[in-house]
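The repeat 'ANK' annotation in TrEMBL covers 39-71, 72-104, 138-170, 171-203, 204-236, 237-269, 270-302, 336-368, 416-448, 482-514, 548-580, 581-613 (among others).
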Amino acid sequence: MGNLISKEQHFVAACGHGDKSRVRKLIRDKFDVNKKSFGGITGLHMACHLDQIDVVKDLIQNKAEIDIRDDDDQAPLLIACSQGHEKVVKTLLENNADVNLTNKNGVTALMGACLNGNSTIVSYLLQRHAQIDTKDKDEQTALLMACHEGHEKVVKILLENNADVNAKNRNCITGLHMACHYGHTDIVEELVQNKAEIDIRDDDDQAPLLIACSQGHEKVVKILLENNADVNLTNKNGVTALMGACLNGNSTIVSYLLQRHAQIDAKDKDGDTALILACHEGHEKVVKILLENNADVNAKNRNCITGLHMACHYGHTDIVEELVQNKAEIDIRDDDDQAPLLIACSQGHEKVVKILLENNADVNATNKNGVTALMGACLNGNSTIVTLMAASWQGNDTIVSDLLQYHAHIDAKDKDDQTALMAACSEGHKKIVKILLQNNSDVNATNKKGFSALMAACVNGNSVIVSDLLQCHAQIDAKDDDGQTALMVACSKGHVKVVNILLEHDAKVNVSTRQGFTALMLASVNGHDVIVNDLLQYNAQIDAKNLKGDTAMMRACQEGHVDIVKILLDSKASVNIKNRQGYTGLMLASYYGHIDVVRLLLDHKADANIRGITGETAHGLALINEHYDIEKLLTEHDAKKENYRGSNTNMDPSTSDDNDFMLPGSSAARDMKGATRSFPDESTEAQLMPVERTTTSNSYVNFNLNNVHNFTLGKIHVQNQECDNYDLQKRDAESTEDREKQTLSSNSEINFNLQTVQNFKLSQIHVQNQECDNYDLQRRDAESTEDREKQ
C-alpha cells in the first residue's frame, strides 16, 4: 500500500504542530508553501489558527502568500484575529496583510476580533485603517457583534473611533437592542452616553426598554428610564414594557414602570392587559402591585377571558384569592359562557374550587354546550371536587356543613344530553361513578343518540364501573338509536371481562342492530376470538344474517380472522351459506387474498364452484385481485377455471350494496353475458334479465341502478369509452325501422325505473333527459345490431 497522506497534508500538519525543522526541510526540498490541502487550507492558515508564530515568520520569509484564501474565503489574518493570537496578527499586519478582506459571509478581521473580545487586536486593526462600519451578510457591524458578546472594552474602543452607534442589522436591531437583551449594563450605559437612540425600534417595533423589561434586567431598565425612555411604546402586537415585565414576573421593574406612569390597563392586539398576563403566568407579587395601583380586575381580552379565568385555569390559588378579595366578578363568563368555577373544576384544581364556592359561585351555571361544573369535574376525574359538589346528597358530615348551600344538579344535561354520570363512565373514573350513584344519579339516562352510561362504560371497558351500574339497575338490553346494546359495544371493542359480566347478568345475546348485526357478528368482524367462544357458549345464533345476508363467519372470512373462522366452523357454522349477493365465505376470502382462511374452508368441504348472482366463482374472484396462490389452491380442489385475469379490481363483493350493481365488461377479460338485478323489497329474489353488449375499452360499465326493477337492453350495444356517468342528453337511439323512416313514435318509451326518472320519451329520435342524476351519455350512440350491419 502506498502512503495515503499527501505531501500537502504532511506540510499543513507540520505547520500546525509548530515542527519548524520538518517545515524547513520541506521548504529546502522545494515544496510549494502555498499548496492547499483539504478545504483550501495552507500551512499559513494552520499556523495562524494554532498560534505558531515562528512557523508563520518562516513561511512569510519563504514567500507564503499573505492573503491566501481557503474554501470559505478566509485569509490568515481573519483566522488569527478570530482566535485572538496577538503576535501572529501583528506579524501579518507588519507584512501588509489586507485588513479589510472578508470571508464568504462578509466577516472581516475586525469583526472576528470583536467577537473574540481582544481589545488589543481591535486597536491594531483600527490603526491599520480597518473599516469600522462594514456589514456582513446579515448586516451586522463590528459594534453590534461586540454588544452581543458583551465585550465592554471593545465597544468603548469602537465608539472612541466613531463607530455608528445606531447602525442596524437586517432585522433593524442595534447595539443597544443587543445589550438590553443580554443585560450588559455597562455597555448600555456606554451606548447611551454616546447618543444611542433610546427608543429606536427593530423590525417588530420593539424598543430597547420593552426588551430589557421582558428579560428582567432591572439595572438596564433603570438606566433607560433615567434617560427618558418612552414607557408606553408598544411593539407590533401591542405589547408594552409593563406587559413584558408582567410576563417576566419582575415586581421591581413593574414598580419602576408604574412610577413612570405606565398605562396600567393598556391592551395588546389580543385584548390582554398586564393583569391578565400576570394572572396567566402566576406572578402573585406582580398581581398584587397591579391591583394596588387600581388595575381593572374584570378587564376582558378579545375572548372575554379575565384574570380570574386565567388564574382558575392554571390553578394559581393565591392569585384567585387576591382577585376575589379585590371584587373580581365571581361568575363572569368568557366567550364560551364558561364561568371560573367550571374552568377550575374541569382542570381539577380543588383549592381554587373551594375558594370560589366559599364566595358563592353559581354551582349550576352552564357553558354554551350545557356543561356544568359537576360535569367538568367528572370529565377531569377529580373525586374530591365531585365530593365537594355532591356532598349534600352523600351525607358526608365533614363537608356537608360547608356545602349545604351548594346544590349541584346531579343529572343536568349538556347540549348533547350527556350527564355527569355518562361523562365519568366514558372516562373510566370509578370513584366519581360511585359518588354519583350514591347520590342517586339517573343510571338509565341517555344522550341524544340513545347512548347510556352503561354503554359508555362498555366502550371504556371498565368492568368495575359496569358492575356498579348493573347493581344500580342499569337497563342491560337498552338500545341506542342504531340499535346497539351494551353487549354489542363491548363485543366490538373486545372487552372480555365486560362481556362476561353482561352475559352473567342475562344480556340478550341474539338481538340485532338496525342493520341486522348481532354481537357475534361484531366480535367476529373485529377479530375477538375469546368473545366469539363466550357468545357461542351462551347460545349465540351462529348463522344469523344481517340485512345484506352476511353471517358472522362470512365477515370473519372477509377480514381474514382464521382463528375465528375455525371456531365457527367447529361450532357447525354453515360453510356454504350465501349472502344476498350470492357470495359465500370462500368467495370473500378468495377475493381478499386470505389463503389460510381459504385452505381452512376447503378442508371443511366448502364448495369452490358456487357462483354469485353475477356469475363469479371463488376462482374468478381470486383472479380479479391476482391472488394466484389462491387460484392454484382452488384448482387443486377441483375448482373450475375461469379467465378473469386483468379484470377491474373495483369489483368488491363485500361492498356491493343491495341497490348497486357493477357489471364487469372488459373485452380483455371475457365475453360477458350477465344480468342486471333488482331488489324491490327485502324478501324478493333477484330478477335476472339478459343483456348482450360490446365495449370499446377495458373499463367497467357502472350501472348505479338504485331501485331498478326493469332494465332490459335486449340486443342494444353500448360503445363504452369512459362509462362512469351517463347523461342522456342529445343521444340518438335508433332502430332499423327508425333509420328508414327517420322518425320515432312519440309514444315509444324505455322504462328506467330510477330514483326520480320514470320515463325517457324517445320522440323525434332524441332522448329527452328529465332529472337524470347519474347518466351522462353525451353524444354516445346506442345502436342495434341491425343498424351496425346496415352501416
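Even glycines carry a Cβ here, placed using N, Cα and C.
Note that the structure is a prediction, hence the values are computed from the model and not measured.
Listed by sequence, the residues of this chain that lie at least six past the ends of the repeat 'ANK' (171-203) yet keep a Cβ under 8 A from its Cβ atoms are 143-144, 146-148, 150, 152, 155-156, 159, 165, 209, 211-212, 215, 217, 219-220, 223-224, 227-230, 233.
Across the repeat 'ANK' (482-514), DSSP classifies residues as 17 helix, 1 strand, 15 coil.
Within the chain carrying the repeat 'ANK' (482-514), a Cβ under 8 angstroms from the stretch's Cβ atoms is held by residues 449-450, 452, 454-455, 457-459, 461-463, 466-467, 470, 476, 520, 522-523, 526-528, 530-531, 534-535, 538-541, 544, 546, all 6 or more beyond its ends.
Per-residue pLDDT, averaged across the repeat 'ANK' (416-448), gives 85.
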